[in-house]
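Have a look at the structure below, then the notes.
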Amino acid sequence: MDTQFLVSLSIILATFALYIGIAIYNKAKETSEFYVAGRGVPPIFNGMAIGADWMSAASFIGMAGTIMLLGYDGLAYIMGWTGGYLLLTFLLAPQLRKYGRYTVPEFIGDRFDSHTARVIAALCTIIISFTYSIGQLSGSGVVIGRLFEIDAKLGTMIGVVLIAFYAAFGGMKGITWTQVAQYVILIIAYLIPVIFMALQLTGNPMPWISYGELVGKMGELDRELGISEYFAPFTNGTKWQFLALMFTLMAGTAGLPHVIVRFYTVSTMKAARWSGAWALLFIGLLYLSAPAYAAFSRFILMTQVAGSKITELPAWTKTWVDTGKLQVADGNGDGVLQWKELIISNDIVVMATPEIANLGMFVIGLVAAGAMAAALSTAGGLMIAISSAFAHDIFYRVLKPDSTEKTRLSVARWSIVIATLLAGVIALNPPGAITQIVAWAFALATGTFFPALVLGVWWKRSNSQGVIAGLLVGLGVTLAYIFAAKYGGFTILGIIDTGAGVFGATAAFAANIIVSLMTAAPSQKIQEEVMDLRYPEQMVYKDGEVWMNDDGSKSV
Amino acid sequence: MKKIDKKVADSYFREKTRNMIIYFAIGFLASFGVVFFAEPLSDITINGFPFHYFMGAQGAVLTFIILLFVNAKMGDAIDRKYGIDENKNEQISSGKVLDH
């Protein structure tokens, strides 16, 4: 055991103790605390919790590397994953908050007055969140495994036990405040290395302002090497693929159940609006820094590693070559490592940067703790979404509507434990690359929830037959396109599996609208409830008129 | 409870919807619009970046953040204009939700 191990271990253990302490302090005692944190979270803290919930191991570990390898084409992730908050905050969040339920399937079930729609929506929630959580768990396994030099599988199991414990115990209330702490840790861990690199390379501590010149310089280096420029657009796919992927990531963001639920934890529509703004500000801090990370790392690799003698490579390259994530084979046998002979995996860029830039032990440990925070916070939110879809929407609303609060809480807690263990077992041998699994989860959310929720909120004529048809057609078309593009080589305009959501969403909107118009309109009561979502809480839509609730009376 | 003139209620909804359409149009231009015209825009340089790269890495994200804060602020202003009191919203909201 060396000093580095001890430093990293103590930082990680300190953060774990903090998360568990917060979860115990904020133990959920009632169902409303377990599912929606008692609906009293202030917008600015909810913004941080959304940020931690949202930014996963893929964002923290993988995104900078993806941008480094793909150049401009990787920016579809930056714009897609931030632009989704416009759709979410304008079209859905305040309206869903006013409707006032616990979960997304519950909104769909009550708005369309259909248990069939409720169960389909609950199953979609479980499929999407479960797929997504596999990526988080195997991500946390990689971090723990590398840090403690144990098998990544054992690392995964440690992560699983931790998540199962604090999610089941604290419920949404515990998770919310844990996520606030996790956001603070992950953003500090992400910004410190990139600020130090900016100082080293450009003499300016503001990476966001100073990396532009490096991007230009790298374009010149690329031209000398005769490869396409770093910033050249559409070198890894067509323009249509870029646009389709960006749309899928945006609409998927607006349709992810575990993110939408966070907007139920605030008190009013106004608070939901402000939560969205704060959330994107906090998320933007990381997303604006990721391309800087990418540029600095690529610049160091191009200028300080490529071109040096194979025998004189910096010491940090050796450890990463050992993990198989970095290859430095001298292909043409001239004794010098050429840029083209250097092959780097996208998930080591952030993890290796503290070593590349020689930032010392404390920063290396901090980055590991940040990566863990990102994986754990997202996994916690996902587990609550899965548990509520099962325990609340299927068990309580459909199967056993007369069960006591105590039974429901224990079903919710046990379903978290079981779902976490199940996801953990699958994460031991993940069925595909993590980024790919995550992209599929987004395509599925785009094809199912996004159309169902937008039409449910904005179009009173949409009815239960329409939403059922829309959910099933969207799911079917998205899955069919993913498989056809991935395994059948079938593509339209060069759009590959990751952009499948654009077709799923189009089909789902069309199916929902056509079937709704062909069948009977929803009841007067439901149509009035939908009209009511246009106005703030104080204005009430009733009997074709709008009323002002001046005395704030609760009986409406 | 007192009835609100239909015109007033409609104009509340229209103002909010109009603003939302403007925000979406700006957000769309900053992201999809710039991507669509990425090649011709790449000749312009801003702070060392080619323009299309700048918009993808920073410009679009900053635009989104600003739009969300403008939306939150403007939403408050519209609420005030129509005499909406946030404290009453909170009271009504906490009584109206389905906590079960």
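Every residue gets a Cβ built from N, Cα and C, even glycine.
The transmembrane segment annotation in TrEMBL covers A:6-25, A:45-69, A:75-94, A:115-134, A:154-171, A:183-201, A:240-264, A:276-296, A:411-431, A:437-459, A:466-484, A:490-515 (among others).
Contact between the transmembrane segment (A:276-296) and the transmembrane segment (A:75-94) is present: at least three CB pairs lie under 8 Å, with pairs separated by 6 or more positions in sequence. Outside the transmembrane segment (A:411-431) by six or more residues, the chain places 31, 34-35, 130, 133-135, 137-138, 141, 153, 156-157, 159-160, 163-164, 167-169, 171, 379, 383-384, 386-388, 390-392, 395-396, 403, 437 with a CB less than 8 A from a CB of the stretch. Contact between the transmembrane segment (A:240-264) and the transmembrane segment (A:75-94) holds: at least three of their C-beta pairs are under 8 Å, each pair 6 or more apart in sequence.
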